[in-house]
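These notes concern the structure reproduced below.
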Number of protein chains: 2
Amino acid sequence: MNRIKCIVSYDGSKFHGFQVQNQFRTVQGEIQKAIKNICKDESIVIHASGRTDAKVHGRRQVFHFDTLREMPEKQWKRAINHFLPNDIYIIDSFLVDENFHSRYSATKKEYHYMLSMNDYSPFETNYIYQYGKELDIEAMRNAAKIFIGEHDFASFCAVDQYGNTIRTLYQIEIENNQGIVTFKLVGNGFRRYMVRHLVGGLIQVGSHRITKEFLEELIESKGQKKCLFKAKPQGLYLHEVFYK
Amino acid sequence: MNRIKCIVSYDGSKFHGFQVQNQFRTVQGEIQKAIKNICKDESIVIHASGRTDAKVHGRRQVFHFDTLREMPEKQWKRAINHFLPNDIYIIDSFLVDENFHSRYSATKKEYHYMLSMNDYSPFETNYIYQYGKELDIEAMRNAAKIFIGEHDFASFCAVDQYGNTIRTLYQIEIENNQGIVTFKLVGNGFRRYMVRHLVGGLIQVGSHRITKEFLEELIESKGQKKCLFKAKPQGLYLHEVFYK
């Protein structure tokens, strides 16, 4: 049995998210269909570092799968890309040992969220949230500090999710490049909708609708008071997954 | 009667070109549908500076139309955008006098063609031609000089077009920004497929498949020898239309 690790990039615009769903076009579904062409007699299931939601993009998502098929490791990249549609691309492929797991071996993840304060652009609409107004960048940078460290992020997670909502955020950087704002978040893990709620809350601070103190109240309430601001999926990128 | 001039930006990916066609989604068709919502009793036809082909993008395309409807000039931008799909956007609107004509008053046009020498990106596939190999930029810059000035560009136009193929090219600049190559062409006018044939020919020079001298032969043949290299539409942008 060979375990193959792939780094994959995808434009999320035309997918109903990552995870396989009957009758819907998904990233996992398309990748498994491509691999099926190569490993004809096997039933291959890929395991990603985590799911991404509909319209969310992947820059360097990671997945692995097991196969009996023997091939030089770099050949997998070429072979799978040959069968993939043009909005998914395998950047690299590796033969890894069986202790590697895309999800359980990941130590850190980096997400980026892109927002435009400029006039609307039809070219950016699927890739950068078209906010179209000025934001107070310094106020957002200042407020972002309260998220750093280990917290119970229950107030910033999807309401339908149970279980452990404690996560550690190592870094939030907010860059402004000619009106295009990029939020860069690095943490040991992110629950569903967590990045979009964190960024949504910061946008409210940046537009002076709420204060840093209100965001602090939310996080300290550990789920009792929910963050009601969720940034649109279009600006979100799973940027990188880190392993030991 | 009021003549309205609009500057419009569109992502050409999901259009069958600019010009109205029955049963196909076109830029002109969508804009006319939007205006129909505002000028209900009039039958509005818009006149653009020129057509763009399927998948070709517009950054600052210009069109005008005549209407009996009275509105402050900047209000037209807001009103039309309200009814437009998210891949078309009116950047600005003006009330102009009846001597203005989007096509006949245009004195110069600027087209950009974008090409990537880097590894494939699923995010760029509709916007930047994914060439994926190194090109000799200096050789292309040197060859581009032969196109400058007034020439009969018959060898670089669509085969099915008759009439005057004499045009003046004022400028071709070729920029390389971290592997993304932009060809910037400014001329008094461009016939159908002309930019894509000029860029296609230059790419052949940049990949050392043909020489500058061969391109010169083509242009001097005035249509007897056709340029067989036509760059893909995805990388092409009508960048700007100039008026006196």
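Heads up, the Cβ atoms here are built off N, Cα and C, so glycines get one too.
Sequence-distant contacts of B:Asp53 (active site, nucleophile), defined as residues of its own chain at least six apart whose C-beta falls under 8 angstroms from its C-beta, comprise B:Gly17, B:Phe18, B:Arg192, B:Tyr193, B:Pro233, B:Leu236. According to DSSP, B:Asp53 (active site, nucleophile) sits in a coil region rather than a helix or strand. The feature active site, nucleophile is assigned by TrEMBL to B:Asp53.
What TrEMBL records for B:Tyr111 is substrate binding site. In the three-state DSSP scheme, B:Tyr111 (substrate binding site) is classed as strand.
Here TrEMBL flags B:7-104 (among others) as domain 'Pseudouridine synthase I TruA alpha/beta'.
As annotated by TrEMBL, domain 'Pseudouridine synthase I TruA alpha/beta' applies to B:143-243 (among others).
Within 10 Å of the C-beta of B:Tyr111 (substrate binding site) we count 23 further C-beta atoms, all protein chains included.
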